[in-house]
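Undergrad: Here it is, the structure, as structure tokens.
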Amino acid sequence: MTSLHSTHRRGDDPYVKFKIAGKEVFRSKTIHKNLNPVWDERVTLLVETLRDPLYVKVFDYDFGFQDDFMGSAYLHLESLEHQRTLDVTLDLKDPQYPEQNLGSLELSVTLSPKEGDTKDATMLLGRNWKRSSKHQSMRLSDVHRKAQLWRGIVSISLIEGRGLQPMDANGFSDPYAKFRMGHQKYKSKTIPKTLNPQWREQFDFHLYEEQGGFVDITVWDKDAGKKDDFMGRCTVDLSLLSKEHTHKLDLQLEEGEGVLVLLVTLTASAAVSISDLSINMLDDPHERHQIMQRYSLWRSFHNLKDVGVVQVKVIRAEGLMAADVTGKSDPFCVVELSNDRLQTHTVYKNLNPEWNKVFTFNIKDIHSVLEVTVYDEDRDRSADFLGKVAIPLLNIQNGERKAYALKSKELTGPTKGVIFLEIDVIFNAVKAGLRTLTPIEQKYIEEEPKVSKQLLLRNFNRVRRCIMFLINTGCYINSCFEWDSPQRSICALVVFIIVVWNFEIYMIPLALLLPLAWNYILFASGKDTRQDQVVEDLLEDEDEDFDKDDKDSEKKGFMNKLYAIQDVCISVQNALDEVASYGERIKNTFNWTVPFLSWLAIVALGVATVIIYFIPLRFIVLIWGVNKFTKKLRDPYTIDNNELLDYLSRVPSDVQVVELAPSYTHSHKKYTHQ
């Protein structure tokens, strides 16, 4: 018989696995939102030999993602006395970092000789689990739903580190920091070869508990080709910090050397909600009018971070994939907007579930993508993926109920089933435009990059297309010099003389307005088919043979032998992706791929034209230089950003255009929001 109690320093939704001789013999229930879980579960395990120890592993349950390892321990059965109940305390350890203290696990164990009725008792317990699993999962969904609604925002600015411990042979380290609050995680960038790193990064966590919580921080040294070195840890107790105030914290690292400097701000908020279909604010004319007033142009400069609101009605799904051996699934739906993540209840044994739930999110960035993912709930392991749709907020047509075809996890192709959604977006255009010029919000949970021959080839082809565009443009200009076409060369010569003779600096943004205006005419008239050609080119690059090659190479263990080469390949792959993305984003700005961003460019270029026309260039450069030189003097903890790059980060690349292309099959227009 086993009863469990645990005290952990970190973790949020713990559960325990028991293994004997490499085979899992029992898994405990999951205790949600608890750092001191009490299970009080009892189970009888059949043991063939006492020579095999009982292996205990603790995990943190993350629905929809791989569960996090929290520690393990061995219980040697040979050391137990027969027919006597013993209270055993197991110290949890990580085999890769044996020095770390991961908490303890308390068990009450009784070792008894095998009797005839033991097998019957074990089977009876198994039948009880099967009969009650539905009710347990329903309670799990209820607990999960209550734990989703966050009550505030913890804004953290990681400024710098001082006097960190040298971990490399050169007397330096390559430090980065990991932050964790419950299931929320953040990883900073790596600063190479320094003991006094300057990070200057800002991110937000959601605060679920009114009385606060703890933010666990660990610092690591990045090592290529082997495990990263642990450099120290520290903790922030949010219950000690006052709200609506910025706190500067100098945190001494434990189990290491040095200090971390943070700026922490707690802000009260109520930005997300879940309700039934019969109760939602936008269907109430009075509530809708109040929300429209809140985001009207007259309130454009009030609370600039509150850009707008989006309401998502998750109606139902049809024709889902069968994930269970019974030919059915237990589907639930997860709705994500940036780092906001809400979940429906589970509909059991159904391929055509009806949820009829309404989710409400505050919009912090109008360029965010709404992701709706359908999973199959499984008590014994992580949820199975059934399908996903990704919808940019700017592409949403208010009040239309649409059936979106579910896509694969990578959004590259369709999977089985459709989901019916009705979405409304209300936002302030001025706030959205100003927010575009600030750094984009990073996602807490992102998959680790992997080497893929297919991605490498696709990114190479994207860079090649951008380079070929520049080469073709250069050839066209050179053809004017070569007089390949006399008429074209004469026109180019006349234009060149007139422009050079009358050149003023305001003509530069004015010239950039011309291709925007020309492409808008093509876009508005429906004659621009270049984007369709880009989509076709990218789809041609998708070749299933490359995926097969990657799987074969993994089976042969080739990548496992060359960790350093893998890191280099990932870096090259990501660099190609970044270069190609920025080239495509510049092109898509002028191609009206996202009309809101193109209109924003017109406004910015128009304002720049007027300013440069009326104000001499030397004064503009002088103001810019003085501002740049004195920024750190005026605010030592300022976080640098580039407004142009922040703007371009909102423009989708050609790959994103393909991934976010509409995939709904039919629609029913209920009403159109004006």
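Even glycines carry a Cβ here, placed using N, Cα and C.
Keep in mind that TrEMBL annotations are predicted by a computer and have not been checked by a curator.
Per TrEMBL, domain 'C2' is recorded for 1-90, 130-251, 285-406. Taken from TrEMBL, the feature transmembrane segment covers 490-518, 596-624.
Quick one: where do these features end up spatially?
TA: In the predicted model, the domain 'C2' (1-90) has a mean pLDDT of 75.
Broken down with DSSP, the domain 'C2' (285-406) shows 16 helix, 56 strand, 50 coil.
Through the fold, the transmembrane segment (596-624) approaches residues 366-367, 394, 429, 432-433, 436, 504-506, 508-510, 512-513, 516, 520, 589-590, 647, 650-651 of its own chain, all at least 6 residues removed from its boundaries and within a Cβ separation under 8 Å.
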Undergrad: Please report, as numbers and ranges, the same-chain residues at least 6 past the borders of the transmembrane segment (490-518) whose CB is under 8 Å from any CB of it.
TA: 480, 589-590, 592, 598, 601-602, 605-606, 608-610, 612-613, 617
